[in-house]
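Visitor: Feature table excerpt (Swiss-Prot):
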type: BINDING; residues: 72-79, 118-122, 250-253; note: GTP binding site
type: DOMAIN; residues: 66-292; note: domain 'OBG-type G'
type: DOMAIN; residues: 292-368; note: domain 'TGS'
type: MOD_RES; residues: Ser2; note: N-acetylserine
Amino acid sequence: MSTTVEKIKAIEDEMARTQKNKATSFHLGQLKAKLAKLRRELLTSASSGSGGGAGIGFDVARTGVASVGFVGFPSVGKSTLLSKLTGTESEAAEYEFTTLVTVPGVIRYKGAKIQMLDLPGIIDGAKDGRGRGKQVIAVARTCNLLFIILDVNKPLHHKQIIEKELEGVGIRLNKTPPDILIKKKEKGGISITNTVPLTHLGNDEIRAVMSEYRINSAEIAFRCDATVDDLIDVLEASSRRYMPAIYVLNKIDSLSIEELELLYRIPNAVPISSGQDWNLDELLQVMWDRLNLVRIYTKPKGQIPDFTDPVVLRSDRCSVKDFCNQIHKSLVDDFRNALVYGSSVKHQPQYVGLSHILEDEDVVTILKK
């Protein structure tokens, strides 16, 4: 583990010393690719157990339809926020390193059961295996949404450190995968096409990165103005995690109105005061929007719909088959068709099959054989 960390440090030092220009672009491309491979090595050893794994007390049994991880430095108010939202008591105090294990809680919001995980305070250097940060990050990667909780008295400083740590282990916040297609070939060399001008990336850098990954023949199609980091992300796709995140700017009760107005300009941010219960409703609504959950109401044949207890599905898994499996797996075996009311169908109601994609607040009657 220490050898990998030392190699990473050596490459970072060399990159810092190297001035970027046309003559050095090939060399810098190779260094960036080497760095990405070493970071993957570090992450793999941390998650497999040779470097500590998730660790006792870090990972917890999952429950609910989605999970939200609380990430932040010690004593920014994570434990207080968890307690206010879920009623779960996590030890909270005004000194650092209070929470030493992952503390789970559950909130029921708009009929959905959502698990919230108060992770131990992430610290600078976590991406290099220092402290307990790598175990915290291993759990954070498995969440559906991250609350990056910041103290408003020093938001930008801590925000930049946390983003750097998460970037270093392959977590991409509020981003989508780069639109780059790579098709490997047996021969013919590297051919590069682009549908938009590439203002951040030259052919030398592209060939250097591909060479480092031992890919000598491939067709590469750029459909976005990519950087060398974007190209590496596509090559390292299996170790990348694209996650929505909300920057929770806590302790706003210490600010003036003018200062508060400035905070609202930060993208993907929600200012709150967990201690004073300020703006928690807005935080939950933004959380709901970012989780992209779908509520489906059941309507037994010949009865009125049950609007009190929806079946909640993820937006990427919301077919009629997913709905049936959520209720009971035997429903799929006995399924004849479904009668759906709502925005997912043209006619009200309409008969559909198992592959039909449901939308939020549809009403469904399952008809058996």
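One is the number of the first residue shown, and numbering goes on along the chain from there.
Glycine is no exception: its Cβ is also placed from the backbone N, Cα and C atoms.
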Visitor: Over all shown protein chains, what is the count of other CB atoms within 10 A of the CB belonging to Gly72 (GTP binding site)?
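Guide: 26, counting other Cβ atoms within 10 Å of Gly72 (GTP binding site).
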Visitor: For Lys78 (GTP binding site), what is the secondary structure by DSSP, using just helix, strand and coil?
Guide: helix
Visitor: Work out, from DSSP, the number of helix, strand and coil residues along the domain 'TGS' (292-368).
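Guide: Per-class counts: 12 helix, 34 strand, 31 coil.
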Visitor: I'd like to know which of these binding-site residues, Leu119, Ile252, is least surrounded, judged by other CB atoms within 10 A.
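Guide: So among Leu119, Ile252, the binding-site residues given, the one with the fewest Cβ atoms within 10 Å is Ile252.
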Visitor: When the pLDDT values for the domain 'TGS' (292-368) are averaged, what is the result?
Guide: 94
